[in-house]
Amino acid sequence: MINKVRHKQPLVHNITNQVVVNFTANGLYALGAAPVMANAVEEVADMVKNADALSLNIGTLTTPQVEAMIIAGKAANEKGIPVVLDPVGVGATPFRTEAAQKILKEVDISIVRGNAGEISHLAGLDIPMKGVDTNLKGDNREVALKVVKQLGLPVIVTGKQDVITDGKRCYLIDNGVELLTKVTGAGCLLSSVVAAFLTTGDDLLEAATGAVGFYGVASEVAAEHISGPGSFQIALLDAIYQLNSDVVKDTIKLDHIIVSEKEM
């Protein structure tokens with residue numbers, strides 16, 4: 001699937017948080033995609049006209065940015081391109097939660113990606129939040145299935161085990177390294193990588209799973225010869241750039257589960 005992304009070189013429009021703009025743009029370039037990071041209300045609809053996918057990230061949220069996300073999201077829906085929502089820190093403040101809910105209400109989101117706490121709050125499950133982190137303990141699969149049922153949307157719940165599900169099919173991925181939690185923007189970049197993979201024309205859930213698996217394997221490759229978070233960040237970009245489909249196929253730890261009627 002990575003070969004399709006590199007051949008297509010999709011333009012991914014990112015309305016993201018100010019902390020991760022540079023890292024996300026460089027990560028997409030390394031992937032073989034083309035990033036655009038425009039967030040002005042006055043131009044986002046026009047920018048989306050040229051894009052192949054839209055990635056929305058609420059990490060450093062402002063009221064004008066929420067407006068821009070909704071305008072861009074509606075333009076993306078009209079064009080028929082995928083829209084990924086990364087609800088960073090949702091549940092930490094009422095403003096953030098209300099903004100995420102408003103985006104979900106007004107934009108046809110293709111898939112949501114976040115950690116278990118963030119995803120749970122979108123579905124109204126009461127999970128304590130501390131900043132963008134969560135104190136949630138439990139099974140990511142169980143959380144993901146509950147959220148899909150509530151939202152009616154496919155979700156990606158990332159953590160020690162990544163879960164990608166639409167409520168009927170469920171993919172479990174056990175790749176990745178602890179250092180991903182020590183680099184600001186690692187999850188944000190993943191959401192944009194997912195957006196790029198969704199442009200391949202493959203089944204949405206399979207494309208999202210391909211993105212998460214690719215990213216997890218890339219992180220493992222990056223962690224092989226580094227000394228800490230600083231060098232890992234650069235090594236991750238290099239691994240994304242160099243990683244090929246054969247290595248992914250040989251390294252990915254993937255399970256595919258058909259969800260039982262009891263779990264639906």
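Cβ from N, Cα, C; glycine included.
If you check TrEMBL, you get these features:
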type: BINDING; residues: Met37, Gly185; note: substrate binding site
type: BINDING; residues: Arg113, Thr158; note: ATP binding site
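In this structure the C-alpha atoms belonging to Thr158 (ATP binding site) and Gly185 (substrate binding site) are separated by 14 Å. For Gly185 (substrate binding site), the same-chain residues 6+ apart in sequence whose C-beta sits under 8 angstroms from its C-beta are Val19, Val20, Phe23, Thr24. Using a 10 Å Cβ-Cβ cutoff, Arg113 (ATP binding site) registers 30 neighbours. A gap of 19 Å separates the Cα atoms of Arg113 (ATP binding site) and Met37 (substrate binding site). Under DSSP, Gly185 (substrate binding site) is assigned to coil, being neither helix nor strand in the three-state scheme.
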